[in-house]
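Asks: Okay, here's the structure, questions in a sec.
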Amino acid sequence: MRTSLLVAALGLALAAALPGGAPLAQPDPEATMDRSLLQRQDLPYRFSAVDLDSVDGQRHYRLWLGRPLQAPPAAGYPVVWMLDGNAAVGALDESTLRRLADGDAPLLVAIGYRTPLRIDRAGRTFDYTPASPGQADQRDPLNGLPSGGADAFLDLLRDGMRPAVAAQAPLDTARQTLWGHSYGGLLVLHALFTRPGEFARYAAASPSLWWRDGAILGERAGLEQRLRGKRAELLLWRGSAEPASPRGSLKAEPGQAMARLVDDLRRVAGLTLDFQPLDGLGHGETLGASLRLLLARPAVERQR
């Protein structure tokens, strides 16, 4: 009952932001990936690439692996999986990598697409959005592109990407983090709500709570049962200058939906939640800011 009330309340908050108002700034569709860090040999990380395709052969991935120079721990490297990998690589910098190397350095896996572009709009629209039950034609409500491939993507990450990465470097599968921004943040919440044991830490920056009128909020029902006997950590970020939706207005109390979700999730046994508002940041700016904040944290610990 509580979850139903939460979904209804958040739906009203999201609906208030939909009509009119200033649109959310969209990323430049022609912006190219910043690859400068990948070629450098003076850093404590070395980057390589692994290519694979979706099961249906329609999407073509390039995984950028950032491996620390130091030897792995006995159990393998902790792993940070980064969605929108082409953009994530561009958000990394020298100081972040050097700081990581001074501690329990994780293996970085940026899940990108084989394109020179920073963002693969069609790929992420399909891969990062949950299926809508009862709809024969799954189309994204914002851009009209095919959507609904989230579970196929998460299955591929588990059954295809993870073994491919493990063939290149030893992984500690008990210390995995999944990070995503915007639609990627939506996928992170979907992964937490539907398969909470597959990662130890879930990190969602500016998740698209508005998507399909807040459909992701309905997936939260039953999380306590799915999480029983397990533990998970959720990190959430949101910029104070973000509207509530792509067509929303800053006057529509844009942080209300996130605040209510945070309040609800704090009550879930076994889930550790940390919400950090990012003062003054807009939607696009939270991508790099959240990733750097995530990587400034110690690697996720093994469950005891």
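Positions of Cβ are set from backbone N, Cα and C atoms, glycine also.
The following feature annotations were taken from Swiss-Prot:
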SIGNAL    1-25  signal peptide
ACT_SITE  Ser182  active site, charge relay system
ACT_SITE  Glu242  active site, charge relay system
ACT_SITE  His283  active site, charge relay system
Asks: If you measure His283 (active site, charge relay system) to Ser182 (active site, charge relay system) at Cα, how many Å is it?
Replies: 8
Asks: Just to verify a number: CA distance, Ser182 (active site, charge relay system) to Glu242 (active site, charge relay system), in angstrom, no decimals.
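Replies: On Cα coordinates alone, these residues lie 11 Å apart.
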Asks: Give me the count of other Cβ atoms within 10 A of the Cβ belonging to Glu242 (active site, charge relay system).
Replies: 24
Asks: So how many other Cβ atoms are close to Ser182 (active site, charge relay system), meaning within 10 Å of its Cβ?
Replies: 26
Asks: Tell me the coarse DSSP state (helix, strand, coil) of His283 (active site, charge relay system).
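Replies: Where His283 (active site, charge relay system) sits, the three-state DSSP reduction gives coil.
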Asks: Among all protein chains shown, how many Cβ atoms are found within 10 Å of the Cβ of His283 (active site, charge relay system), not counting that one?
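Replies: Taking all protein chains shown, His283 (active site, charge relay system) has 21 Cβ neighbours within 10 Å.
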